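Enquirer: Sharing a structure here in structure tokens format.
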Amino acid sequence: MRTVFKTSYDADINLFKHSAQRNWYILLLAFALALPFLISSFAIGEATNLLIWAIACMGLMILVGQTGQASLGHAAFLAVGCYANVLLQERLGLPFILSFPLAGLIAGVAGALIAMPMTKLHGVYLAIGTIAIAILTDDFIVIATPLTNGVMGLFAPDISIFGYGFNRYGNPVGLYYLILGITLLVVLGYRNLQRSPLGRSFAAIRDSEISAQAMGVNVARTKAVAFGISAGVTGLAGALMGHFAGIFNNETFNIILSIQLLLAIVIGGLGTIHGAFFGAAVIALLPQTIAMGRDFLNKFMASGSIAIPGLEAAIFGGILIAFILFEPQGIYGRWFKIRTWFELFPFYRRDMFRRQKSYLKTERMR
Amino acid sequence: MDVLQLIVSGLANGCVYGLVAMGFVLIYKATEAVNFAQGDFMMLGAFICLGLTNPQFMGLPFWVSVPIAIGIMGAFGYALDLVVLRRMFGQSQVAIIILTIALGFVLRFVAGLIWGHEPISLASPIAGRDVRFLGVVLGLDEMMVIAVTVVLTVVLYFYFNRTKLGVAMQASSQNQLAAYYMGIPVKRIHSLIWALAGMVAAVAGILFASKGSIDPSIGLLGIKAFAAAVIGGFGSLPGALLGGIIVGLIEPFSGRYMPSGYSQIMPYLLLFIILVFRPHGILAQVHQKKV
């Protein structure tokens, strides 16, 4: 356990708390850079998928974890980003390097516009409003068939930057490095957002809307901005998802995807960047793990391949229920406790992270 | 005369939505939790009744299996609150929303495991029979759905206003702390509310199953019922029923008079408009928030 002696105001908002922490992250970065030399190209594809999910999770985390607004409709912004990126490339002939940020911008503007009437809503009403957005998006893609090709779907072209091509199958390592770079930029942006006045006003709204208002935060505008930034980052992830999947249609971005995204960040740990990555790891690697577990079982039982529909969603749901009941702070919270146990050994106490008993705080307007 | 038929079938659908929405509102009013698995409760209730009735499973007579199914769902709701949701006391609303969504996934999986994912129809004595009324042909099942909903609404009305337990439920939903002081066992009341919501969901499920075939994914109908609850006003039982009927009536009419593709988005479009202009529903029960 290292106690930081703060000698300047900047110590509160520095990128890293102390040099040891910085060194650990540099080590992690070196590991991420060396990963293609350590694992097979199939596993690199999975790692790329994980990073794309992590960007999407960070996008939602800005809204749910930082600002405290639940959204069950973020698949809509994934869809906006994905379609905008491909349509800008195909219809207007823009290169990826322009269409990608523009896709994020379009998704962000869409998010902020949608948020404006919804900033009045709280808790449940916001959740149901965002569900409505997710369902409407599915139908709007079908209605706008001349543009989006409806249920037939669209093909995403290969990413090409200055003549250098990135393809999931032809050049998996290149795609991995490209997406790793984008992920790093998003993480840096997220960290800087947390340290800025805007990020602090997000946290103020999350913790108490009324006190934030009393401190001079413009609640409605800040919520709309949070929605916009969150939708923008999610849109970037959507654009990458489109390129990674290769083909997509209206059902790629359905309501279940929105719900999964929200569940992922809760499992990971709300309010932290680590949580976004942990949640992304769970959501990206779970199908593979289940498939491997099934193969493992088949070896012993020799029952042939058993396919149980809905198993994945049910296991996911089971994990989630267990986390909400026993570790509401998610994987990151558990990791933090284990780390503290080692740091303080032998002085860790069981109730150290126990919150004071809270009574039902009404969110209902009465 | 097909307008009348559209109205009746819309009303019948709307009554099912309304009953599911009532389950939402019951739980929300009493415990401030939002049960996103209410649609899956309905699915489970329908499948339990089907499992008891249909000849390929248990083969009990329909009128015997209906009360058993309602009873099982009531016990399920009670046990769920006792085992899971009581631990969530005091946590944020969003945590409970996420928990119930996850619960819905699990319930859908379990139902699929037991009864399969193929659509099955309930061997109900009221399915597929017609009634001739003023020269129009109406389904007996649809008339039955409307009648049962009306009866159930009246029963619930008298339950909440005339019985001791109903008044205690109202009291604990209005002010938990004051209810504690008055000697009302609030925890048990919460469990009983979940049981009641489970029973209402079972009724809705049985009614839905007698109108057509069911499969485990009908639980997603809960989202539409949720829209209905918000349209009507989330804090009021009559509002939930009203919202359900509005959604139920919009569907067949927009399906008939609007181009396909636009018709299924109408309920959500209406929901969106309501949320923007009247965020607490048509029959709102909202006053100023105190800090």
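Positions of Cβ are set from backbone N, Cα and C atoms, glycine also.
Just lifted these from TrEMBL, have a look:
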- B:6-28: transmembrane segment (TRANSMEM)
- B:40-57: transmembrane segment (TRANSMEM)
- B:63-84: transmembrane segment (TRANSMEM)
- B:96-116: transmembrane segment (TRANSMEM)
- B:136-160: transmembrane segment (TRANSMEM)
- B:192-214: transmembrane segment (TRANSMEM)
- B:226-253: transmembrane segment (TRANSMEM)
- B:265-286: transmembrane segment (TRANSMEM)
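Each of these features: where is it, how hidden is it, and who are its neighbours?
Expert: Beyond the transmembrane segment (B:40-57), the same-chain residues lying 6 or more positions past its ends with a Cβ under 8 Å from any Cβ of the stretch are 19-20, 23, 64-66, 68-70, 72-73, 76-77, 103-104, 107-108, 111, 114-115, 120, 122-124, 197-198, 201-206, 208-209, 214, 216, 218-219, 221-222.
Away from its own ends, the transmembrane segment (B:63-84) comes close to residues 41, 44-45, 48-49, 52-53, 99, 103, 190-199, 201-203, 206 of its chain (Cβ-Cβ under 8 Å, at least six residues beyond either end).
Same-chain neighbours of the transmembrane segment (B:226-253): 6-7, 9-22, 24-26, 28-29, 36, 38-39, 149, 153, 156-157, 160, 263-264, 266-268, 270-271, 274-275, 280-286, counting only residues six or more beyond its ends whose CB sits under 8 Å from a CB of the stretch.
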Enquirer: If I count Cβ-Cβ pairs under 8 A between the transmembrane segment (B:192-214) and each of B:6-28, B:96-116, B:136-160, B:265-286, which range comes out on top?
Expert: B:6-28
Enquirer: I'd like to know if the transmembrane segment (B:136-160) touches the transmembrane segment (B:6-28) in this structure, counting it as a touch only when three or more C-beta pairs sit under 8 Å and are separated by 6 or more positions.
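Expert: Yes, since the transmembrane segment (B:6-28) and the transmembrane segment (B:136-160) share at least 3 Cβ pairs closer than 8 Å, they count as touching.
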